[in-house]
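Peer 1: Sharing the record's features from Swiss-Prot:
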BINDING   His83, His182  heme b b562 binding site
BINDING   His97, His196  heme b b566 binding site
BINDING   His201  ubiquinone binding site
TRANSMEM  33-53  transmembrane segment
TRANSMEM  77-98  transmembrane segment
TRANSMEM  113-133  transmembrane segment
TRANSMEM  178-198  transmembrane segment
TRANSMEM  226-246  transmembrane segment
TRANSMEM  288-308  transmembrane segment
TRANSMEM  320-340  transmembrane segment
TRANSMEM  347-367  transmembrane segment
Amino acid sequence: MTNIRKSHPLFKLINDALIDLPAPSNISSWWNFGSLLGICLLIQILTGLFLAMHYTSDTATAFQSVTHICRDVNYGWILRYLHANGASMFFICLFLHVGRGLYYGSYIYTETWNVGILLLFAVMATAFMGYVLPWGQMSFWGATVITNLLSAIPYIGTNLVEWIWGGFSVDKATLTRFFAFHFLLPFIISALVVVHLLFLHETGSNNPTGIPSDMDMIPFHPYYTIKDMLGALIMILALLLLVLFSPDLLGDPDNYIPANPLNTPPHIKPEWYFLFAYAILRSIPNKLGGVLALVLSILILALMPLLHTSKQRSMMFRPLSQCMFWLLVADLLTLTWIGGQPVEHPFIIIGQLASILYFLLILVLMPLVSIVENHLLKW
C-alpha cells in the first residue's frame with residue numbers, strides 16, 4: 001500500500017511542497033527567508049485577527065479602542081506590539097529576501113520574481129493602511145500626505161483622491177475602508193504566496209553558485225525543515241526581544257497623540273521600512289515626478305531580468321558586481337537615514353545624490369560592470 005502522504009490528494013500537495021521536494025544541497029542561510037516570511041505572515045494574520053475583535057474603525061473611538069486593547073484586554077498589549085513589530089520583522093525578511101534574489105540572480109525565474117514584486121506591493125499597501133488604523137497624529141497625517149500624492153495624476157487626480165477618501169478630507173469613511181482593506185489584503189497576499197510557490201516549484205530553487213543543481217538534490221525534509229526551524233527560532237527570539245524590551249523603538253511617539261486635523265506634526269514621516277522610498281519621493285521638487293520616482297523605485301525590480309548582461313547567473317564569482325551590489329545596499333541605507341531627517345541642508349542634497357545613484361546603479365552601472373566582467377573572462 002502506498003504511503004498516505006503520497007496518495008491522498010491533500011497530503012500529496014503538502015508532501016510535494018514540504019517533504020519530498022528536491023532541493024539543492026548547497027543553499028545557504030539566505031534561502032531561509034522564504035519560510036521566515038511565511039511565519040511572519042501567519043503571525044500577522046493571527047495577531048491581527050484577535051486585534052480586529054476588539055478594534056473599532058470609527059474616528060471617535062479608534063484611538064481609544066487601541067488603548068483599551070493595551071490596558072484592558074487579556075494579553076492585548078502583547079498582541080498589539082507583536083503585530084506592530086511583526087510588521088518590522090516582515091519587512092526586514094522581505095528586504096533580505098529580495099536582496100538575496102538580486103545577488104544570486106534568482107530573478108531569472110521571471111514568473112516567480114514578478115509574483116514576488118506583486119507581493120511586495122501588496123505587503124507595502126497593507127502596512128500603510130495598518131499604520132492609519134490607530135488614528136494617532138502620524139496615522140492621520142501619513143494617510144493625508146500619501147493619499148494626496150495621487151492628486152498628482154493628471155486630469156483624474158483630484159477626483160481619485162476624493163473617491164479614495166470618501167469625502168473632502170481623511171475622515172471616518174477613509175478609516176472604515178482602510179480597516180476593511182487592511183483585513184482583506186493579507187488573505188490576497190496568502191493566495192499570491194501560493195502562486196509564488198507554484199511558480200517556484202515549476203523550476204526548483206536557485207543556489208548560491210547559479211549553476212543548475214539537478215544532479216545534486218536532497219529531500220527538503222529533514223534537511224531544510226530543521227534548518228528553517230532554526231531560522232524561525234532566531235527570528236522569533238529577535239521579535240520577542242523587541243516586543244518585550246523596547247516595543248516602541250521603531251514607532252513614532254507622535255502616534256500616541258490622538259489624530260488632530262488642526263495640528264500638523266513638525267516632521268511627517270512613515271515607518272522606517274518606507275523611508276528609502278519617501279526619501280526618493282522628497283528628492284524631486286516636482287510632485288508628479290516624485291510620485292513616479294516613488295513607484296519606479298520598486299517597479300524597477302521588474303526590469304532586473306532584462307538588465308542581466310552577465311554570462312553568469314549569480315554574483316558569487318563576480319567581485320566587481322559584488323562591489324556594485326554592496327554600493328546599492330549602502331545607498332539604500334543612506335536613503336533610509338535621509339527619509340527620517342528634516343527637509344533642510346545638507347540632507348536635501350545628500351538625498352538627491354543618493355536617489356540619482358540608486359537609479360544609476362540599477363539601470364547603468366550594474367549592467368555595464370557585468371559586460372566588463374564578461375570581457376575580462378574573455379567570454
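Glycine is no exception: its Cβ is also placed from the backbone N, Cα and C atoms.
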Peer 1: What does the structure give for the C-alpha distance between His97 (heme b b566 binding site) and His201 (ubiquinone binding site)? Integer Å is fine.
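Peer 2: Spelling it out, the Cα of His97 (heme b b566 binding site) and the Cα of His201 (ubiquinone binding site) are 17 Å apart.
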Peer 1: Can you grab the distance from His201 (ubiquinone binding site) over to His83 (heme b b562 binding site)? Cα atoms, rounded to a whole Å.
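Peer 2: With the alpha carbons as reference points, the distance is 30 Å.
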Peer 1: Answer yes if the transmembrane segment (226-246) and the transmembrane segment (320-340) have at least three CB pairs under 8 Å among residue pairs 6 or more apart in sequence, and no otherwise.
Peer 2: no
Peer 1: If you draw a 10 Å sphere on the Cβ of His83 (heme b b562 binding site), how many other Cβ atoms land inside?
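Peer 2: His83 (heme b b562 binding site) is surrounded by 21 other Cβ atoms within 10 Å.
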Peer 1: Taking the transmembrane segment (178-198) as the reference, which of 77-98, 113-133, 288-308 gives the largest number of Cβ pairs under 8 angstroms?
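Peer 2: Ranked by Cβ pairs under 8 Å, first place goes to 113-133.
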Peer 1: Fewest neighbouring Cβ atoms within 10 Å: which of the binding-site residues His97, His182, His196, His201?
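Peer 2: His201, out of the binding-site residues His97, His182, His196, His201, has the fewest neighbouring Cβ atoms within 10 Å.
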Peer 1: Do me a favour and check the Cα-Cα span between His182 (heme b b562 binding site) and His196 (heme b b566 binding site); whole Å is fine.
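Peer 2: Their Cα atoms are separated by 21 Å.
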Peer 1: Which bits of the chain, at least 6 residues beyond where the transmembrane segment (288-308) starts or stops, bring a Cβ under 8 A of a Cβ in it?
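Peer 2: Same-chain contacts beyond the flanks: 98, 102, 105, 107-108, 110, 113-114, 117, 120-121, 124, 149-150, 152-154, 276-278, 280-282, 355, 358-359, 362-363, 366-367, 370.
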Peer 1: Using C-alpha atoms only, work out the spacing between His83 (heme b b562 binding site) and His196 (heme b b566 binding site) and round it to an integer in Å.
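Peer 2: Checking the Cα atoms of His83 (heme b b562 binding site) and His196 (heme b b566 binding site) gives a distance of 24 Å.
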